[in-house]
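Q: According to TrEMBL, the feature signal peptide maps to 1-21. Taken from TrEMBL, the feature domain 'Peptidase A1' covers 65-379. If you look up TrEMBL, you'll see D83, D268 marked as active site. Among the features that TrEMBL reports, disulfide bond is placed at C96-C101, C259-C263.
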Amino acid sequence: ICYHFSRLLLYLAPAFPLASCCSIPHMVSAIPETKSAHCKHPSHSYPPGAWLCCGFPWCLCLTMYFGQISIGTPPQNFTVLFDTGSSNLWVPSIYCVSKACAVHSRFHPSDSNTYSEVGTPFSIQYGTGSLSGIIGSDQVTVEGITVSNQQFAESVSEPGNTFLDAEFDGILGLAYPSLAVDGVTPVFDNMMAQNLVDLPIFSVYMNRNPDSSVGGELLFGGFDPSHFSGTLNWVPVTKQGYWQIQLDNIQVGGTVAFCAEGCQAIVDTGTSLITGPSKEIKEMQNYIGAVPMDGEYAVECNNLNVMPDVTFTINGIPYTLSPQAYTLMVQADGMAFCTSGFQGLNMQPPAGPLWILGDVFIGQFYSVFDRGNNRVGLAPVVP
């Protein structure tokens, strides 16, 4: 059987400076993905006020994965963050007056022959303000797949510095329709409805090697076995909004330390780290030997070989992260520092409490998102 799919390579962008406190927002088409340094994710997938701050006076060398899309006729190109933790597509509008818009690609509706104005107000609330704009409709192309009549948000206000230094112009959400602001149909749902993919799945490969020229791959309509070893282990989605799954338990050094009775987690490409309830994460930092430092947790780089493994048991299968996998290296003034890849985030009911398996986790485990069967497939990435 031959399936048609679209492959988007993801690319890795250079690091950019961040303020001492920052928040980062939170296929078969293969898009090259790019990596970029950042701190956190201000995606509307998090409740208002749930910003994660970076207290270090230097930039954490974390990675975010971006790819190129185009909107309109003739095509206008944008770099977007592909986010399984939200469901809307938005890009800056030519009518945006914020500083962040001035340094990013902006959409010109009058330059597109296929554009139509919807006019519905659009707003996403963040901890220090809101991103607002209006809804428009046009064709959206992602690596050879062209979606017709796709509604998206044209941002006219991006307050503060959240997006000012971001390497991406906008966000393309890949979560379920129930998370979509204004009831907009997500891009992947339209791909399925318009029969643009043979299989109702997309998959994500993230390359955590900072020296690699390829940041990863997003595949619409299938998955690529060359990027993982063994077979995919399928995990049922427990709630259709985020890509939410059940954790059986979390072990540190082979001993169950958290979620002994099970807990809920989401697989989120738009979050850099692994997050969990603050109380549990504080205990986790103690277990791995991380110490508080300017609002973050640091570890001795020389201790990585003696630090414990952390294992997430999911649907009976252990997914183990070595210390080298769950720590990140930062550079400041020519010196190298190591930081914990875990961070506290209290998500309140009814959405929470939740653990978030972000890029630190996805970088180790190839992830397939199956809308047809409402499940997530996981397998170890090929180094």
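The backbone N, Cα and C atoms fix where each Cβ goes, glycine too.
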Q: Compare the C-alpha of C101 (disulfide bond) with the C-alpha of each of the recorded positions C259, C263, D268, and give the closest one.
A: D268
Q: Near C96 (disulfide bond), which residues of its own chain have a C-beta under 8 A away, given they sit six or more steps off in sequence?
A: R106, G133, S155, V156, S157, E158
Q: At 10 angstroms around each C-beta, which of the active-site residues D83, D268 has the fewest other C-beta atoms nearby?
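A: Selected from the active-site residues D83, D268 on minimum Cβ neighbours within 10 Å: D83.
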Q: Does DSSP give C101 (disulfide bond) helix, strand or coil?
A: helix
Q: For C263 (disulfide bond), name the DSSP secondary structure in the helix/strand/coil scheme.
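A: Strand, per DSSP.
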Q: Provide, as an integer number of angstrom, the distance between the C-alpha atoms of D83 (active site) and C263 (disulfide bond).
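A: Computed Cα spacing between D83 (active site) and C263 (disulfide bond) is 22 Å.
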Q: Could you state the CA-to-CA distance between C259 (disulfide bond) and D268 (active site) to the nearest Å?
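A: About 19 Å separate the Cα atoms of these two residues.
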Q: For C259 (disulfide bond), list the number of other Cβ atoms lying within 10 Å of its Cβ atom.
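A: Around the Cβ of C259 (disulfide bond), 20 other Cβ atoms lie within 10 Å.
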Q: Give me the non-local Cβ neighbours of C263 (disulfide bond): same chain, 6+ apart in sequence, Cβ-Cβ under 8 Å, ordered along the sequence.
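A: Result: Q246, L247, P353, W355.
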